[in-house]
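As written in TrEMBL, here are the features:
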- 818-921: domain 'CHAT' (DOMAIN)
- 865-884: region 'Disordered' (REGION)
- 104-137: repeat 'TPR' (REPEAT)
- 184-217: repeat 'TPR' (REPEAT)
- 304-337: repeat 'TPR' (REPEAT)
- 424-457: repeat 'TPR' (REPEAT)
- 538-571: repeat 'TPR' (REPEAT)
- 578-611: repeat 'TPR' (REPEAT)
């Protein structure tokens, strides 16, 4: 051919040269040298156009053939866009010269190109036009071929029945024509169709027919295709050994025929099988061989497939960074050759690798790209795969609610495709997601569907898995008999299939159910059968530990958990190791070894930070709750509250109702132990709401019992009785159902609380007003106290020693609760007066029948009991009344002269004068210190840093004099740890120090000349150390302003609480986007109350004025660094829990700080005496 080309060139025969280039291109194409073929056909096209232009030869047919050859070359190179253009020219020219054969060829080629780019409607139209054309021509063989092409497009579109009809018609025509090659092609297409429907046995039968025909004909190309189809079907059916044999024969045939294209395909298929067999090195070698062949052939599409397979092999071997590198190269080539189908699958492979590396955001990006392209191509199978992967990725992050959406779509699509296996998988994952969300009834529904589908498929492994999961869901619902039955079925299937791991798991689950049923001896016998391999042994030790925990043998349980820990460490299984540490922590907690428990639980948390299992976030939340219980038991409520709050935040983030119930309980009991009864009440009430959502009777009963006990502590006796009645009713229900153990437990708990309630009732019924006064003081800050208004003024009774009682008429003021209330303020002997029995006349009703009696002690005796007040008199050294007006009556003492031995120091004198000048008072110095009578609230000045010849003061002496000065009333004492080296520096330091105390100015260390620590760090400040930030002060001031109008503030308090809680919720969920509301909407809801704006600003809300057509807005805070939002929320909840009467009382108290201090002091004293810490509950570990 090259000689023909040379002769044509030498003769100047343009037409001959054109034909020679065409023949040469066809030869290159047949050899697989697509680049050389493309070059030759381009020359052919140029020469054909030249011939036409010169009018020397009007060879339209030749030009048409040239465009066809050029399109085929472009298509082989993966340049689908150029191929499409060439074949369109081919079709136009064929129609122009009325060459129906060429037009049919052009339509066929167009159909193939459209199929390759995923444009199935145009592909189907092209092939159907071709069928009509060849029918008119009477070419039955070409008609059969084109019907097969139409079937292939239908299959790509997911229309299985139409595809099978076309291929069956193709087979019928081929048989009628006696064309065995075409018959083999039809059988091959039928095999691919049934393969698509996952009917692999039928697919194998059709591919065996192809092999038989190929061997009869001796056609190696068809034989290689038959081996490829048989290997693919065997691989998808899970028979990897047989698949390996078929693909090895495919490779042998390609090598014998020296078919490089076939050799590359065989290497690719064989590499995939080796990868599935776990032989990653062999798989990589085969894929590298495929890549080398594709490079030789300059086959870009083949190179892309090779890169993808290499990436998959690296991913299967665990080298995800390498996998990502190759998949990115595959993605680049897919985009270059416009292969959208390959691009979609590459996105899926990249997502898998990123997910394995923990880069979930990148994984989600590529999964979504896979889904978008699959939907664009209307590739239902690819879309289903992408949906399932998206759901699994979100599940691995613990985002089960979002995962459910994708699983439901996957289920619907699988049903449309008729893919029963995929449908079963979707039901399994939906059941798991709902189980993790605590939606156990939904989980049971989907696991039932999974089981039914597994039975239809006769898939024993999936049947066992479905029984296992169904049993666990029934166990969570408390259906113990059903759960036990399911786990026994699971065990039977595991025995039948000789699945050792399944057998271990089934035995462990049966043990769990038996423990719940109370049959712990049988559980222990069952669980001892579970010991086997290391992983099974670790689980067996875990279950045996759970049995011992149920029996109360905590030391034996701890021994089992140590064995579990050792096995986990041998296996280097971090998740199992974390579980073992958690179980050990719970065992130690129940044994009372709280420090050991804290150590184990902290190790569990540290390991959970490194693992990424679906339950790791839930395990973290549980560990935080157990740590809180440990610190509660150790008497460290502050640490306990910190961990319980973290437990609550984690439970809210996971949307796990059961963990929220536990967290609220722990937090409430911790607050109760430190006397924060209001916060405890809020937590336990939220816990009660959550327990109702949970629907667990035991949780509700316990919640009612503990809430009732708290109401007793708060003297809210009516609420306490109501709670205990609820608990008693739950106990009666359990008794009626035959659950005697639970009923007895609840009744005992209610009985203990009722005895406390009876004691409280007895004290109140004595009408001894000392008890009544205590009730009044506690109800001042309690939720649910009897509504009413204060009758009488506290201030009017404050100075009297005999209190006169004024009984108001029946039409007196009513509180917001609608009940009349009488408040009696008493002191002295009036405490013993039986107020409830007093009558207005012989026939009148007693006071206790007419009014809700409340008694409160007079404030003056309380004030004297708390601390004596100094009599007001003119302080020595006060220069003017301005100091008193400012609330700063200060006494400066310094440089004393005691006898003749200790003279006054010059530096001390200067220092006293400096401080007195700043405070605008006259200092006491020299002999005045000794002879003057200083009040107990004096501010005393310590000795200066000046170096003297005196003996160094001993540490004990310093301690004694400091205690004496603090007892005398000094709020703080400043000592020198060593002699100050520089008099000037000391003066600057003192002036800066006292200026900072008064005005917040800088300290001496900001002065560059004296920046060395020797000038300012040698001083020690003893005494009170109160820190009050500006924001906290603003918050308190704003609350006071709100409470100034108690009848108007409640709506404003509710609005503020809603906004603060919304901010906290956004912060806990990690939402960083800006959120705002209009100031007008808040004003409409808050009403005429003032102070709400200042309150919101003090906790971080930002108020923006109206601008650019946007109304005045309030932006939510995005962080809570000093927990001001949390503090504000707690304060607002407490205030909203108070009655109108109490709010009115508080509004009066806030204007008189001394009176408020007295009442707060008494309340703290009462709380410290009567609050008792609740003992920690016995906890049970999570064995699975």
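Any Cβ shown, glycine's included, is placed from N, Cα and C.
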Inset, instruction - Quickly jot the same-chain residues contacting the repeat 'TPR' (184-217) by Cβ under 8 Å, restricted to those at least six beyond its ends, or write none. - result: 144-145, 148, 151-152, 155, 160, 163-164, 167-168, 170-171, 174, 223, 225-227, 229-230, 232-234, 236-237, 381, 418-419, 421
Inset, instruction - Report the DSSP secondary-structure composition of the repeat 'TPR' (538-571) as helix, strand and coil residue counts. - result: 32 helix, 0 strand, 2 coil
Inset, instruction - Please give the average pLDDT for the repeat 'TPR' (104-137) in this predicted model. - result: 88
Legend entry - Helix, strand and coil residues within the repeat 'TPR' (184-217) as assigned by DSSP: 31 helix, 0 strand, 3 coil
